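Trainee: As annotated in Swiss-Prot:
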REGION    1-401  region 'Carboxyphosphate synthetic domain'
BINDING   Arg129, Arg169, Gly175, Gly176, Arg208, Ile210, Glu215, Gly241, Ile242, His243, Gln284, Glu298  ATP 1 binding site
DOMAIN    133-327  domain 'ATP-grasp 1'
BINDING   Gln284, Glu298  Mn(2+) 1 binding site
BINDING   Gln284, Glu298  Mg(2+) 1 binding site
BINDING   Glu298, Asn300  Mg(2+) 2 binding site
BINDING   Glu298, Asn300  Mn(2+) 2 binding site
REGION    402-546  region 'Oligomerization domain'
REGION    547-929  region 'Carbamoyl phosphate synthetic domain'
DOMAIN    671-861  domain 'ATP-grasp 2'
BINDING   Arg707, Ser746, Ile748, Glu752, Gly777, Val778, His779, Ser780, Gln820, Glu832  ATP 2 binding site
BINDING   Gln820, Glu832  Mg(2+) 3 binding site
BINDING   Gln820, Glu832  Mn(2+) 3 binding site
BINDING   Glu832, Asn834  Mn(2+) 4 binding site
BINDING   Glu832, Asn834  Mg(2+) 4 binding site
DOMAIN    930-1058  domain 'MGS-like'
REGION    930-1058  region 'Allosteric domain'
Amino acid sequence: MPKRTDIQKIMVIGSGPIIIGQAAEFDYAGTQACLSLKEEGYEVVLVNSNPATIMTDKEIADKVYIEPITLEFVTRILRKERPDALLPTLGGQTGLNMAMELSKNGILDELSVELLGTKLSAIDQAEDRDLFKQLMEELEQPIPESEIVNTVEEAVAFAATIGYPVIVRPAFTLGGTGGGMCANEKELREITENGLKLSPVTQCLIERSIAGFKEIEYEVMRDSADNALVVCNMENFDPVGIHTGDSIVFAPAQTMSDYENQMLRDASLSIIRALKIEGGCNVQLALDPNSFKYYVIEVNPRVSRSSALASKATGYPIAKLAAKIAVGLTLDEVINPVTGSTYAMFEPALDYVVAKIPRFPFDKFEKGERRLGTQMKATGEVMAIGRNIEESLLKACRSLEIGVHHNEIPELAAVSDDALIEKVVKAQDDRLFYVSEAIRRGYTPEEIAELTKIDIFYLDKLLHIFEIEQELGAHPQDLEVLKTAKLNGFSDRKIAELWGTTDDKVRQLRLENKIVPVYKMVDTCAAEFDSETPYFYSTYGWENESIRSDKESVLVLGSGPIRIGQGVEFDYATVHSVKAIQAAGYEAIIMNSNPETVSTDFSVSDKLYFEPLTFEDVMNVIDLEQPKGVIVQFGGQTAINLAEPLAKAGVTILGTQVADLDRAEDRDLFEQALKELDIPQPPGQTATNEEEAALAARKIGFPVLVRPSYVLGGRAMEIVENEEDLRSYMRTAVKASPDHPVLVDSYIVGQECEVDAISDGKDVLIPGIMEHIERAGVHSGDSMAVYPPQTLSQKVQETIADYTKRLAIGLHCLGMMNIQFVIKDEKVYVIEVNPRASRTVPFLSKVTNIPMAQVATKLILGQSLSELGYQNGLYPESTRVHIKAPVFSFTKLAKVDSLLGPEMKSTGEVMGSDATLEKALYKAFEASYLHLPTFGNVVFTIADDAKEEALNLARRFQNIGYGILATEGTAAFFASHGLQAQPVGKIGDDDKDIPSFVRKGRIQAIINTVGTKRTADEDGEQIRRSAIEHGVPLFTALDTANAMLKVLESRSFVTEAI
């Protein structure tokens, strides 16, 4: 059926900020879909609150609204734009929930807007646990025995009839939020109570646990003519019981017989047909390893994390085709863009193995609960492609960037057998490494399979890796063993370690004997048809399919997996850099390992290498492609860390040179540079051990800010107020050494702001200054940033511009740089300089209309700012106010403290823009799901040093009609200054403490600050946790609370007697 002509204008809903469970895969899907609809001639309107995405660029849709994805704002845009149809299936759970809400509130009927892709009834059937159960029974598809409950007591009663363990799944939540596995009644009560609160319909499904079954996923497509096909099946390494987003996954599935595959394939196709989904859909099934029994676990009636993985694993562009199907085209009418000759009705065939490993945030959250279960915890993932399981698994391990280059963590050798086996059985994020260690200790695959229910097939592969390690150890410099190791994905570094030599020597030996990788094409059809995709992976074999072109090329390094501190913002910069390289007439080559992102979409660059970002893997591509040079400044710390080894190997680094990158990163060189440029910085010193640190701090005076050099996202950074805390930090938080000194700086409590600048070596363009709402001490990635600045004097702004120019020229910056300043008493100090693109590039690019990464790339390739039409200095500021606000994923991470400090904790961001500061703030808070009603109670629990300031906030809250509650000390302080607050207990006062008030819904906001001694704050942590679990707005910085107050004051009415 040809495409529909009765609709002209389509609105697409994006997925909003990045949180755990909903990451960059939706930027990829949304970008694909918008371009796909425009290609068919429709007018596209996009709504998304996340500025750090490619999809919110002006050229992706005809009209782009960066506004909160809430009923209030989406309705406004619908009424203004009057689209004919709405496509919600590309915005993740956010998009689906928004569509449901618009429908329930009658907005879609009122404006006669049609839903495309998935009908509401299908969303309901797939998402509502009761309707799903009915549908499966009608289709005679088996599902685990289960019961829908609305109260904790109902849950306990049902569990008693089927027996433990049981699984709790809240309805309409994302990434398993609030769910979990319960082994007994105590756990069941706890998890159900929390799950009911987090479910928007206060409903949970309690089901029999089928933990230990194989977890298999099918990614299916269907069109309006009822053509349906399987794009790809995937098998989890971890059995059922661990969220698929936290599991290691292989595609295609490896351990099923043909009969089992056909059985599950038929089930998946019958489900998508019954739901009448037009587009993509993901079906998760559990297969009993010992019989042909299977259960349907769940269905996602939308494009998901797994579809991004399936798209990248097969090359089959699911989101692009889902958008075309949504407007009436059928699979037998659309050409598969990969081959350019076959139709999309072909099921992809793979002649390789893909491995996906999740990336977890526990390097940032040392206290976080690492046990894996049905609630997702990973922030991102890596994917690797190889010709066998060993190769793809080991390539994925070294893509993770957790300091490993093989499936082993050396420290585990010291773990006792008992502790090892406990970790093997009770899965945490690093289970793969524990299982590998167990095999190295001689546990057999059979024994481990019995303990873990991991298929013996995979454990045999881990055993094979260990056997090759032993071969290598026994035969140093043996070329045959070297070839075997390379065929199985071993890195030069691992081989060097086993041979007692250096990586360089192994590389030399390989090159001399022509043991080099070949690059194979990902073509969706196992080389059956000719293909034109420039999408490659490396393997050791024969016939290289990646042919170097005659055009001069530039290699751009991506930023790897998404993690806290290095998010989708860097992918945004990478994609823009590629556009500029192409515009300058070069061939653009991308190298990256993240399957969720736009940069790994093969249609973005001229060539895509899906490879780990390590020195060895990058050099292999450089040896083949011989590019003009490599651009490292857009790939975050990942790419910057590769600059030095690459330069040593004779590779041309384009943009700021390695020596100058060093001057910004190395403390002593940086101080030297600032002295020469006559720019003040807070007094500080470096220390290589505990005594030196204590001495430095005495000299500078407390409080001090301590941190390791060379890190991103403020890892292991702390503000310490006394020597005792400092010594404990030096002992536990860092491994200080002469090679890795610790920086000790005077901590200045002032106004913080930051600048992104672009330099061509002579002139410096400063697109804008962003002022932070939270004062210094909260990581810049967790602060709310305002552009243009609201409180900085003209003089301070001029000083900032002057220092920025001096630094850019003095440090020989070519391209992008980011500088952070702190201002106290009108004096400007430089805190740090990053000679690369930073996480504020997308936000600032959007609000100033300067495509910063593109401009920077053109300068790197030799153009000047004046040639591009930009003037030197600070760019004229916008008349509107724009705010970038952080978004956190604390609900997903048990035991992680939500207190903000110098170590970054946010996973994503939103933007609010309007004519005034208050309106922009309102939008930013709404978009980041911090909604405060206009009346209610606010509770204060405040450290001594901030009580004075909190008193003023409390008075203002009272003036707009809020009730004030406070803990004992705070209430006494308020009372002594004439403000009566209702006292509440901290913790343990049964019905009168803060958590119980929170549970009863009597508190609308919590303002909690922490004093200088952070250790004694367990009560505070429990209070903060209760706020997170019940969705009560929590402010741990008074500046954020003050910003929220401004919003409330601007919306409140004055009530006065005449």
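Each residue, glycine too, has its Cβ placed from N, Cα and C.
Help me picture where these features are in the structure shown.
Mentor: For Glu215 (ATP 1 binding site), the number of other Cβ atoms no farther than 10 Å from its own Cβ, over all displayed protein chains, is 24.
Spatially close to Gln284 (ATP 1 binding site) yet at least six residues away along the chain are Glu215, Ile216, Glu217, Thr244, Val296, Ile297, Glu298, Val299, Asn300, judged by Cβ distances under 8 angstroms.
The number of other Cβ atoms within 10 Å of the Cβ belonging to Glu298 (Mn(2+) 1 binding site), over all protein chains shown, comes to 18.
Glu298 (Mn(2+) 1 binding site) falls within a strand segment according to DSSP.
The average pLDDT computed over the region 'Oligomerization domain' (402-546) stands at 95.
In the three-state DSSP scheme, Ile748 (ATP 2 binding site) falls into the coil class. A C-beta separation below 8 Å, combined with a sequence spacing of at least six in one chain, links Ile748 (ATP 2 binding site) to Pro682, Ala776, Val822, Lys824, Tyr829.
Around the Cβ of Glu832 (Mg(2+) 3 binding site), a 10 Å sphere holds 17 further Cβ atoms from the protein chains shown.
In the three-state DSSP reading, Glu832 (Mg(2+) 3 binding site) counts as strand.
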Trainee: Indicate the candidate from Arg208, His779 with the smallest number of other Cβ atoms within 10 Å of its Cβ, considering only these binding-site residues.
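Mentor: So among Arg208, His779, the binding-site residues given, the one with the fewest Cβ atoms within 10 Å is Arg208.
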Trainee: Around Asn300 (Mg(2+) 2 binding site), how many other CB atoms lie within 10 A of its CB?
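Mentor: Taking every protein chain into account, the count is 23.
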Trainee: Compared by Cα position, which of the binding-site residues Arg129, Arg208, Gly777, His779, Gln820 is the closest one to Glu832 (Mg(2+) 3 binding site)?
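Mentor: Sorting the binding-site residues by distance from Glu832 (Mg(2+) 3 binding site), the top entry is Gln820.
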Trainee: Do you know the DSSP helix, strand and coil residue counts for the region 'Allosteric domain' (930-1058)?
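Mentor: Each residue of the region 'Allosteric domain' (930-1058) counted once, the result is 60 helix, 21 strand, 48 coil.
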Trainee: So how many other Cβ atoms are close to Arg129 (ATP 1 binding site), meaning within 10 Å of its Cβ?
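Mentor: Total other Cβ atoms inside 10 Å, all chains included: 24.
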Trainee: Starting from each candidate's C-beta and looking 10 angstroms out, tell me which of the binding-site residues Ile242, Arg707, Gly777, Gln820, Asn834 has the most other C-beta atoms.
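Mentor: Counting Cβ neighbours within 10 Å, the top one is Ile242.
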Trainee: Quick one: DSSP breakdown of the region 'Oligomerization domain' (402-546) into helix, strand and coil?
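Mentor: Reading the DSSP string over the region 'Oligomerization domain' (402-546) gives 78 helix, 11 strand, 56 coil.
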Trainee: For Arg129 (ATP 1 binding site) and Arg707 (ATP 2 binding site), what Cα-Cα distance in Å is obtained after rounding to a whole number?
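Mentor: The separation of the Cα atoms works out to 48 Å.
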Trainee: Could you check which of these binding-site residues, Arg208, Ile242, Asn834, sit within 10 Å of Gln820 (ATP 2 binding site), going Cα to Cα?
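Mentor: For Gln820 (ATP 2 binding site), the binding-site residues whose Cα atoms are within 10 Å come to Asn834.
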Trainee: In which DSSP state, out of helix, strand and coil, do we find Arg208 (ATP 1 binding site)?
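Mentor: The residue in question, Arg208 (ATP 1 binding site), is strand (DSSP, three-state).
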Trainee: Return the member of Arg208, Ile242, Arg707, Gly777 nearest to Asn834 (Mn(2+) 4 binding site) in space, with distance defined Cα to Cα and candidates limited to these binding-site residues.
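Mentor: Of all the candidates listed, Arg707 is nearest in space.
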Trainee: Largest pairwise Cα distance, Å, within the listed ATP 2 binders Arg707, Ser746, Ile748, Glu752, Gly777, Val778, His779, Ser780, Gln820, Glu832?
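Mentor: So the binding residues stretch over 18 Å, Cα to Cα.
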